[in-house]
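Heads up: the structure comes next, in structure tokens.
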């Protein structure tokens, strides 16, 4: 068994705090809805590549390969704004906020970053999740598919502050070891952009 690993953009504290301030009264009002399992603020991230089981001896090599591929990447500017649901609002399993590109070319840069993060995994021999990249931060998961139309409408009103993406983190996810049976995240490496 290997390490669950992902490459991710972790938003800065002020962006997380802004989103958390917006969500907090709404989370409190929805506490009776036991179907929602909220993501902890300190675990919010935008996944570029997810690898379900990386052999332990390849984890550091993945970080090195990713650093080589991302070093020349320009710094994109993002903003959290608007809803994302998977698979759809009528039968949602994942409720998220979109990561919106704000600087010129940031949409292309994000797609390239995700591609490079996935290619680095393949290069070192790690299996990578092949789902289409859609920049978002998961804010809640649902135990059973449910209609989240009201949450979608609410999130349509949310616009967070802009922030530059200065680094990418390589994070190990240890299932069941965090608070309340959640995963515990361990940052293995941080890779600066724009070098």
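Here the Cβ of each residue, glycine as well, is placed from N, Cα and C on the backbone.
Looking only at the motif 'HXTX 1' (45-48), the predicted model's pLDDT averages out at 97. Marked as motif 'HXTX 1' by TrEMBL: 45-48.
Residues or ranges marked as active site, proton donor in TrEMBL: 45. The Cβ neighbour count for residue 45 (active site, proton donor), using a 10 Å radius over every protein chain in view, is 19.
Look at TrEMBL and you will find 136-139 tagged as motif 'HXTX 2'. When the motif 'HXTX 2' (136-139) is classified with DSSP, helix, strand and coil residues number 0 helix, 4 strand, 0 coil.
Positions annotated as active site, proton acceptor by TrEMBL: 136.
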DSSP secondary structure for residue 45 (active site, proton donor), reduced to helix/strand/coil, please.
coil
